[in-house]
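Listed in TrEMBL for this protein:
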- 56-305: domain 'G-protein coupled receptors family 1 profile' (DOMAIN)
- 40-63: transmembrane segment (TRANSMEM)
- 75-97: transmembrane segment (TRANSMEM)
- 117-135: transmembrane segment (TRANSMEM)
- 155-173: transmembrane segment (TRANSMEM)
- 212-231: transmembrane segment (TRANSMEM)
- 252-268: transmembrane segment (TRANSMEM)
- 288-307: transmembrane segment (TRANSMEM)
Amino acid sequence: MTYCSVFQEMSVNCSLWQENSLSVKRFAFAKYSEVPGECFLLFTLILLMFLVSLTGNALITLAICTSPALHTPMYFFLANLSLLEIGYTCTVIPKMLQSLVSEARGISREGCATQMFFFTLFGITECCLLAAMAFDRCIAICSPLHYATRMSRGVCAHLAIVSWVTGCIVGLGQTNFIFSLNFCGPCEIDHFFCDLPPVLALACGDTSQNEAAIFVVAILCISSPFLLIIYSYVRILVAVLVMPSPEGRHKAFSTCSSHLLVVTLFYGSGSINYLRPKSSHSPGIDKLLALFYTAVTSMLNPIIYSLRNKEVKGALRRTLGLKKVLIMNR
């Protein structure tokens, strides 16, 4: 074989490789289990959590919007969080449910990119909103006399806008960064949805720089709000400990307990999934964690805020009572 023929063969192989890598237009989610009963059981559990999450978050949003007594900064951020949870679950869970019980587990490249964008958008926005809620509680407890001026409607609106815009910018950047790569196949995503690490694992060539970029963004956009939350709660703890009356300390702690529990659930699962070393990743654990912070936490959030908050419970009763009256009048 001459050098010329070898060179021509290498050129043809290279052209075929480029054509194949660029021709990947669809992905497919890996089958959860070969046992139909296991898939159906998980489908039922996720569907129930999805319905509870949608109903609970929609009711909390409606109660806050229709109750003038809840038109305060804390409940403004809670309404944003509830709307975010609705979008979060609707982005991921419908396709997850379809993949569990149907053979149609495929998703187009554009559909996968769209799902990844919205998932990242809602995830980063939630990190920022939880930090804004911690800041709100810090001002309310540590500087109650200046609370009305420091947490005015304008300030709250700016904090919410910054949270959503940050999530949008990070979502666009990360999605564009990953889908500018070539995918050679096999294009089976060993996950429940188009999350960043499992999709990046399917890319051709060396992706170490992309993985480092994702890790840096995770550090900045997940750890930075978390540090602000820790700082806020340290200040709250110091302020509460110097309060003279036990009643005042109990009231201060009770206003923060729901938020602190939600932060623990969200950051606990998210940090373990995105900030632990790559060598410790496994598809089974990743799927379990993803299921927890997409379905379980979204279901628990409205339960936590409604069960542990008398004002929210009262508003929910009034909202549901009003609905019953309207239905009866029809």
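Glycine is no exception: its Cβ is also placed from the backbone N, Cα and C atoms.
Looking at 40-63, 75-97, 252-268, 288-307, the range that has the most CB pairs within less than 8 A of the transmembrane segment (155-173) turns out to be 75-97. Sequence-distant neighbours of the transmembrane segment (252-268) (same chain, 6+ residues past either end, Cβ-Cβ under 8 Å): 74, 126-127, 130, 133-134, 137, 140-141, 222, 226, 229, 233, 236, 239-240, 243, 293, 296-297, 300-301, 304-305, 308-309. Outside the transmembrane segment (40-63), and at least 6 residues removed from its termini, the chain residues within Cβ reach (under 8 Å) are 32, 70, 78-79, 82-83, 85-86, 89-90, 93, 96-97, 100-101, 291, 295-296, 298-299, 301-303, 305-306, 312, 315-316, 318-320. With a threshold of 8 Å between CB atoms, the same-chain residues lying at least 6 positions outside the transmembrane segment (75-97) that come near it are 29, 43, 46-47, 50, 53-54, 57-58, 60-61, 64-65, 107, 115, 118-119, 122-123, 125-126, 129-130, 132-133, 136, 156, 159-160, 163, 192-193, 294-295, 298, 301-302, 305, 311-312.
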